[in-house]
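Reading through the structure tokens given below for one structure.
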Amino acid sequence: MTQQNQIYKCEVCGNVVEVLHASSGQLTCCGQAMILIKEKAKEEGREKHLPFAKKLSAQVCHGGDGLQVQIGETIHPMEPEHYIEWIEIITADGKRGKKFLKPGEKPEVEFHTRSHIKELRTYCNIHGLWKITL
């Protein structure tokens with residue numbers, strides 16, 4: 001059974017999908033079941049994968065909530081073979097915002113929202129899904 005916002009990956013072709021609607025069905029690709037990517041928070045590799053957030057001033061965010069997010073205490077590499085694909089915020093009222101990155105870009109983004117940001121998720125094409133609660 002899938003749950004909303006879970007991330008799955010095909011071990012054959014590398015396709016990555018996010019569940020938008022929970023279902024009792026099984027996700028398949030290339031003729032086999034896709035693998036659930038579990039959220040990591042505290043394990044080896046966290047110094048390059050966990051998001052670090054710095055609160056932005058209300059003036060910068062036009063009265064809302066905002067964060068500058070950098071991936072890794074040690075900046076994550078952004079090479080074609082190893083990079084952060086996206087960074088996502090989850091707000092207290094359940095809204096989500098996601099920014100996609102490309103190799104060569106800095107693994108750093110800003111988010112501005114009227115809602116309180118409570119969680120951050122990031123996805124590395126090699127080491128998977130990482131999450132922190134603010």
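Glycine is treated like the rest: Cβ placed from N, Cα and C.
Taken verbatim from TrEMBL:
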BINDING   C10, C13, C29, C30, H76, H82, C124, H127  Fe cation 1 binding site
BINDING   H49  Fe cation 2 binding site
DOMAIN    2-37  domain 'Desulfoferrodoxin N-terminal'
DOMAIN    43-131  domain 'Desulfoferrodoxin ferrous iron-binding'
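Feature map: annotations from TrEMBL on the structure.
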residue: C10; record: Fe cation 1 binding site; Cβ neighbours (10 Å): 18
residue: C13; record: Fe cation 1 binding site; Cβ neighbours (10 Å): 8
residue: C29; record: Fe cation 1 binding site; Cβ neighbours (10 Å): 18
residue: C30; record: Fe cation 1 binding site; Cβ neighbours (10 Å): 11
residue: H49; record: Fe cation 2 binding site; Cβ neighbours (10 Å): 25
residue: H76; record: Fe cation 1 binding site; Cβ neighbours (10 Å): 26
residue: H82; record: Fe cation 1 binding site; Cβ neighbours (10 Å): 14
residue: C124; record: Fe cation 1 binding site; Cβ neighbours (10 Å): 22
residue: H127; record: Fe cation 1 binding site; Cβ neighbours (10 Å): 18
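C29 (Fe cation 1 binding site) sits 27 Å from H49 (Fe cation 2 binding site), taking the C-alpha atoms as the reference points. Note on the domain 'Desulfoferrodoxin N-terminal' (2-37): its mean pLDDT in the predicted model is 95. H49 (Fe cation 2 binding site) is 7 Å away from C124 (Fe cation 1 binding site) when you measure Cα to Cα.
For the binding-site residues C13, H76, H82, H127, a Cα to Cα distance of within 10 angstroms from the residue listed as 'Fe cation 2 binding site' holds for H76, H127.
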